[in-house]
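Here TrEMBL flags 1-25 as signal peptide. Summarising the annotation, TrEMBL assigns domain 'IGFBP N-terminal' to 32-104. Residues annotated as region 'Disordered' in TrEMBL: 36-55. Residues annotated as domain 'Thyroglobulin type-1' in TrEMBL: 142-216. Annotated disulfide bond per TrEMBL: Cys196-Cys216, in sequence order.
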Amino acid sequence: MPTPPSLQALLTLLVALLCQPGTRALGAHLVPTRGCPSCRQEGGPPRALREPGGGETGTAVLALGEPCGVYTLGCARGLRCVPRPGEKSPLQALLQGRGVCARPGRNKTGHNPVLKNLTTAVLPGGSSVPPARSPDGRSAELAPCRRLLNSVLESLKLTVIQSPKDIYIPNCDTRGFYRKNQCRSSKGTRRGECWCVDELGQPLTSPDRGDASLQCDGE
């Protein structure tokens, strides 16, 4: 039986796919073309930014500094959709359209800091951070939220990026337990539903009637 790919490898592949300019055409099938403030013609209304050489039928893209995500239009050539600096839940931010189109940068070691920060933020205990421990001393890998997160990431395929269905990525703390606020991914400009849970993931409010702006006690 072939050895399944590691969790970190799957996450890195997913993020690389999200950030690559080659994925910019996906959003065009999910979200209607919108105006680009930086592309306003003199004396006229805003027009959509299009790739050079694309003509009137070219693919509309987002300009430098514009919000982006899995379900939005892609960034212009030479730009990537990345989490904003200081984002605590970078993968969730990209799924919810809270990224930003930016020029890719590398640190002095030649590594992409976005991928490193995303891996350590979503996977505490991976990369350069020692494994987190739950209150009873066990590895966070055994905690309920972490187990679900591992399962979700292992099942992610490229087709899920193209799917119009809601995506739920569990929001875990550094111990591997559930954070109080859980949300489904947004689709275009519509935010996903949110609900409150306890640290074991048991709902405290209904996910079916959750408000995207829901605030949970203690969060």
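For all residues, glycine too, the Cβ spot is worked out from N, Cα and C.
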Candidate with sparsest Cβ neighbourhood (10 Å radius) among Cys196, Cys216, the listed disulfide-bonded residues: Cys216
So what's the mean pLDDT when you look at the domain 'IGFBP N-terminal' (32-104)? 70
